[in-house]
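Only one structure is covered here, and it is reproduced in the block below.
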Amino acid sequence: MKLRTNAKGLRGSLRVPGDKSISHRSIIFGSLAKGVTKVHDILRGEDVLSTMQVFREMGVQIEDKGDLVEIHGCGFDGLQEPQRPLDMGNSGTSMRLIAGVLAGQNFSAQMVGDDSLSKRPMDRISLPLRRMGVEIAGQTERDLPPLTIHGNPNLKPIQYQLPIASAQVKSALIFAALQAQGESLIIEKDLTRNHTEDMLLQFGGQLKVDGKEIRVAGKQELQAQEVVVPGDISSAAFWLVAGLIVPSSKITLTNVGINETRTGILDVIQAMGGKLSVSEVDEVVKSATITVESSDLYGTEISGELIPRLIDELPIIALLATQAEGQTLIQDAEELKVKETDRIQVVADALNSMGADIQPTADGMIIQGKTSLKGASVHTYGDHRIGMMTAIAALLVKDGSVELSRAEAINTSYPDFFAHLEDLANV
């Protein structure tokens, strides 16, 4: 599709769609709890709909009533053996978290995904789950999907130190540990998003967190809850950056999730000198209103424990860095290589084709700014975040056009993205 270019300023207020991570987990916890869980403001992107359909395939009644989703939970012991392969679509979150759920079941199930997901390694979850007594069969030594999981209702507890910072691996192990015969200890490499831990407590579960150590008791029962899903800061990130780099812009985003494990992008914006304000903070839902406006920006360094707090925002942060004076260095982000695409290479290729100066490295990028961007043809390779990054970059292009191939990938997390862009551009 041909993208909007040469924007004269973006102005207005938006409510971004519900948080993808919390939406996934609300369906999983709601299915595993006893009683009817009510979820407000859930994201209706393709990934979350995949999770919803997978639990329906395992016998969970889920009613979508528009603003409200009702999940008739059946407990860990109430799931039914699926009659067909469980299709995770493009969702690595679905596959990894649900693998932990399947680990303790008394049936076998096959998990499949699309072409992109079928290239993503699952050995990071299969190795610890096998240690708990689960039989898992994948493709190649990296356990690429399809994955067949033969559940074990007598799971052994595990003591496991994560070799990488991954909320998905941590969460898979928590879901497995909840079904094990005793207490498990999970030790993080770096602190990652803690939505699973927060929601486990909300649903009446028990765990103890001490720094990077998480202790989870086995054979727990969960109780249905009412969940309000805040807006997704990963989706908000595209408008935050657009508001900073498109001249004559001022954008206000309401009800944005500000869980402390997810707000790394706000730290980066402030370090770069961006004009940003946070107001109307809701301490219960962990949400706030965030306003940004066009700013003079300066390069910075992004590395270490900051990386897990903004891993999904790094593509759009790379664009932000192209519009900052001086050098921006991104390190310790090798996890980007096993996302929907190799995001280090694909981001560099896409933005360099538009005139940026980005050198990909083994674990990140070296970005020189400030650069003028020009027209180009860019392929998403099925990666929603590459698509949205390119659409924001195109707004700065004064000469030439920007063609985006496979733009439909954006529906994975933000079906209304282009409608919201038009709202801001036409004020």
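Quick reminder: no glycine exception, Cβ is built from N, Cα and C everywhere.
For LYS20, GLY92, ARG120, GLN168, ARG343, ARG385, the entry in Swiss-Prot reads phosphoenolpyruvate binding site. According to Swiss-Prot, the feature 3-phosphoshikimate binding site maps to LYS20, SER21, ARG25, SER166, GLN168, ASP312, LYS339. The active site, proton acceptor annotation in Swiss-Prot covers ASP312, and the record cites sequence analysis as its basis.
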Nearest by Cα to LYS339 (3-phosphoshikimate binding site), of the binding-site residues LYS20, ARG120, GLN168, is ARG120
Could you measure the widest C-alpha to C-alpha distance across LYS20, SER21, ARG25, SER166, GLN168, ASP312, LYS339, the residues recorded as binding 3-phosphoshikimate, and give it to a whole number of angstrom?
19
CB contacts under 8 angstroms to GLN168 (phosphoenolpyruvate binding site), restricted to the same chain and 6+ apart in sequence, sorted by sequence, are GLY92, THR93, ARG96, LEU97, ILE125
Intrachain C-beta neighbours of LYS20 (phosphoenolpyruvate binding site), sequence separation six or more, cut-off 8 angstroms
LEU43, GLY45, ASP47, VAL48, THR93, ASP232, SER234, SER235, SER413
One of the binding-site residues ARG120, ARG343, ARG385 has its Cα closest to the Cα of SER21 (3-phosphoshikimate binding site), namely ARG385
Ranked by the number of other Cβ atoms within 10 Å of their own Cβ, which of the binding-site residues ARG120, LYS339, ARG343 ranks first?
ARG343
Within a 10 Å radius of its Cβ, which of these binding-site residues (ARG25, ARG385) has the fewest neighbouring Cβ atoms?
ARG25
Could you round the CA separation between ASP312 (3-phosphoshikimate binding site) and ARG343 (phosphoenolpyruvate binding site) to a whole angstrom and send it over?
10
Given the binding-site residues SER21, SER166, which one is most crowded in terms of C-beta atoms within 10 angstroms?
SER21
